[in-house]
Amino acid sequence: MLFRNIEVGRQAAKLLTRTSSRLAWQSIGASRNISTIRQQIRKTQLYNFKKTVSIRPFSLSSPVFKPHVASESNPIESRLKTSKNVAYWLIGTSGLVFGIVVLGGLTRLTESGLSITEWKPVTGTLPPMNQKEWEEEFIKYKESPEFKLLNSHIDLDEFKFIFFMEWIHRLWGRAIGAVFILPAVYFAVSKKTSGHVNKRLFGLAGLLGLQGFVGWWMVKSGLDQEQLDARKSKPTVSQYRLTTHLGTAFFLYMGMLWTGLEILRECKWIKNPVQAISLFKKLDNPAIGPMRKISLALLAVSFLTAMSGGMVAGLDAGWVYNTWPKMGERWFPSSRELMDENFCRREDKKDLWWRNLLENPVTVQLVHRTCAYVAFTSVLAAHMYAIKKKAVIPRNAMTSLHVMMGVVTLQATLGILTILYLVPISLASIHQAGALALLTSSLVFASQLRKPRAPMRNVIITLPHSSKVTSGKILSEASKLASKPL
């Protein structure tokens, strides 16, 4: 009966699977009643299938109808795919890290970081609860070098302000730990994350724990009189340790955000293989290779510029020269200022260069200005280059680059105003937030130009990716075919 009318057979084969098509044609031969077709389809368990399916060219030896269910038809995809909720959680947690970086900057600007002289990760969660406890805490602070040399004039009420600034900063850090660790364990145990993502989460958890130790290591450098004497410094934290603390926070932020964006992108690809394969072709284009390298370079420049800003904050170098574009009356400070022998600790002066580059406030400010100029011109040059190559650059990546151009312009303006207005707390804090915003835009841009992971790519290209119809339409077409004479 099948070969009696091949034209009708071809129409039916385009809409039914190998099994359902054979059963349906037998039913058509026996009866033209659509209820019989429904019974046969119900036996093959396709009646209840309401998801979209792909139409493939007809072949008597191959299926024309194949549902896509990751957990059954493609177990490899199940192992590679991570839940969207994991991505949203990671991006949300990265937002908390962004907030604590800004709060840490405020703690530094208000000189509150050394107000808590002990590190108690668990018992230090609660602040002093009564007058007696406050007085005991104040006595501990009075024994610190900062109080003896800088803050001997403050009273208990003033101490409470700087104490709460540091306490909130530490409490926020503990909250991030809980918000990250507990859901990470849940997602891993419930198998909502792939092995690839589990490795990332494990690394981020270790980095988060390290950040807590680095924070106390930094604070201790401002409480130890011997270290202050060795640095010939006033009671303040080491600029090296401050920058390390800042850099660790930046790495933690980047790791969370990058992983979250990657998960969202891969979920989108699995949902729409057609669009994914089209994007793969663009990303495989050799013409986009230079832009991919440029995106990584911009990410590195943004990070290094922010770290040089950390050195400026650690040395209070923002107050050295408060003019722009010149530094004082010159375009550049004198060589004697830049390479001051007073910063050497060796008799042979072999540490002259690196000591001044990292410890001389004048030189450190010049380095930060130079990094800022490099960052701005690099983004500007990349933006101009991308406009010429916009035909080969994905639209979302081009949008991210436009945003980056705006952010770097705003950040440069904030930096100039911060210097001219003698580093007011409000401007300096916004400037620090701008550094992280610039890093964010460069990271998003780089992630959008990144090629897909090979395992995920291999899964995507095997998914059904032609035109789609629904099972309801299949039944409708089968009914029409059944009513036609054979």
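Note that Cβ sites are derived from N, Cα and C of the backbone, with glycine treated the same way.
His169 (heme o binding site) falls within a helical segment according to DSSP. Around His169 (heme o binding site), taking its Cβ as the centre, 20 other Cβ atoms fall within 10 Å, counting all chains. What Swiss-Prot records for His169, His245 is heme o binding site.
What Swiss-Prot lists as heme b binding site is His368, His431, and the listing cites similarity to another entry. In sequence order, Gly309, Gln411, Leu414, Gly415, Thr418 constitute the residues six or more apart from His431 (heme b binding site) in its chain with CB-CB distances below 8 Å.
According to Swiss-Prot, the topological domain 'Mitochondrial matrix' annotation covers 34-85 (among others).
According to Swiss-Prot, the feature topological domain 'Mitochondrial intermembrane' maps to 107-170 (among others).
The annotation topological domain 'Mitochondrial matrix' is assigned in Swiss-Prot to 192-200 (among others). Sequence-distant contacts of the topological domain 'Mitochondrial matrix' (192-200), counting only residues of its own chain at least 6 positions beyond either end whose CB sits under 8 Å from a CB of the stretch, comprise 79-83, 85-86, 255, 259, 263, 453, 455.
What Swiss-Prot records for 222-243 (among others) is topological domain 'Mitochondrial intermembrane'. Same-chain neighbours of the topological domain 'Mitochondrial intermembrane' (222-243): 108, 113-114, 117, 144-146, 148-150, 214, 307, 310-311, 313-316, 358-359, 364, counting only residues six or more beyond its ends whose CB sits under 8 Å from a CB of the stretch.
For the topological domain 'Mitochondrial matrix' (265-293), the residues of the chain that approach it from at least six positions outside its boundaries are 70, 77, 80-82, 84, 87, 382, 385-386, 389, 392-394, 446-447, 449-453, 456-457, 459-461, 463-466, judged by C-beta separation under 8 angstroms. Feature annotation from Swiss-Prot assigns topological domain 'Mitochondrial matrix' to 265-293 (among others); the stated evidence is a curator's inference.
Helix, strand and coil content of the topological domain 'Mitochondrial intermembrane' (315-364), in residues and according to DSSP, is 23 helix, 2 strand, 25 coil. If you look up Swiss-Prot, you'll see 315-364 (among others) marked as topological domain 'Mitochondrial intermembrane', on the strength of a curator's inference.
Each residue of the topological domain 'Mitochondrial matrix' (388-402) gets a DSSP state, and the totals for helix, strand and coil are 9 helix, 0 strand, 6 coil. As annotated by Swiss-Prot, topological domain 'Mitochondrial matrix' applies to 388-402 (among others), with the evidence given as a curator's inference.
Taken from Swiss-Prot, the feature topological domain 'Mitochondrial matrix' applies to 446-486 (among others), supported by experimental evidence.
Sequence annotations record features per position, and here Swiss-Prot assigns transit peptide to 1-33 based on sequence analysis.
Outside the transmembrane segment (86-106) by six or more residues, the chain places 165, 168-169, 172-173, 175-176, 179-180, 183, 187, 192-193, 197, 245-246, 249-250, 252-253, 256-257, 259-261, 263-264, 267, 313, 425, 428-429, 432-433, 436, 440 with a CB less than 8 A from a CB of the stretch. Per Swiss-Prot, transmembrane segment is recorded for 86-106 (among others), and the stated evidence type is sequence analysis.
Only residues 6 or more beyond the boundaries of the transmembrane segment (171-191), in the same chain, are considered here, and those with a CB under 8 A from a CB of the stretch are 83, 85-86, 89, 93, 96-97, 99-100, 103, 121, 125, 198, 201, 204-205, 208-209, 211-212, 215. Summarising the annotation, Swiss-Prot assigns transmembrane segment to 171-191 (among others) and lists sequence analysis as the type of evidence.
Residues 113-114, 116, 119, 121, 170, 173, 176-177, 180-181, 184, 187-188, 193, 227, 237-238, 241-242, 244-245, 248-249, 251-252, 255-256, 259 of the same chain sit 6 or more residues outside the transmembrane segment (201-221) yet have a Cβ under 8 Å from a Cβ within it. Swiss-Prot lists 201-221 (among others) with the feature transmembrane segment, giving sequence analysis as the kind of evidence.
Residues or ranges marked as transmembrane segment by Swiss-Prot: 244-264 (among others).
Note on the transmembrane segment (294-314): residues 105, 108, 236-240, 242-243, 246-247, 250, 358, 364-365, 367-368, 371-372, 374-375, 378-379, 382, 385, 404, 431-432, 435-436, 438-439, 442-443, 445-446, 449 of its chain, located 6 or more positions outside it, place their CB under 8 angstroms from a CB of the stretch. Residues annotated as transmembrane segment in Swiss-Prot: 294-314 (among others).
Across 365-387, 403-423, 425-445, the stretch most heavily in contact with the transmembrane segment (244-264), judged by Cβ pairs under 8 Å, is 425-445. Nonlocal intrachain contacts for the transmembrane segment (403-423), taken as residues 6+ away from its ends with a CB within less than 8 angstroms of a stretch CB, comprise 109, 298, 318-319, 321-324, 372, 375-376, 379-380, 383, 430-431, 434-435, 437-438, 441-442, 445. The topological domain 'Mitochondrial matrix' (265-293): residue composition by secondary structure is 27 helix, 0 strand, 2 coil, according to DSSP. Every protein chain shown contributes to the tally, and the Cβ of His368 (heme b binding site) ends up with 23 other Cβ atoms within 10 Å.
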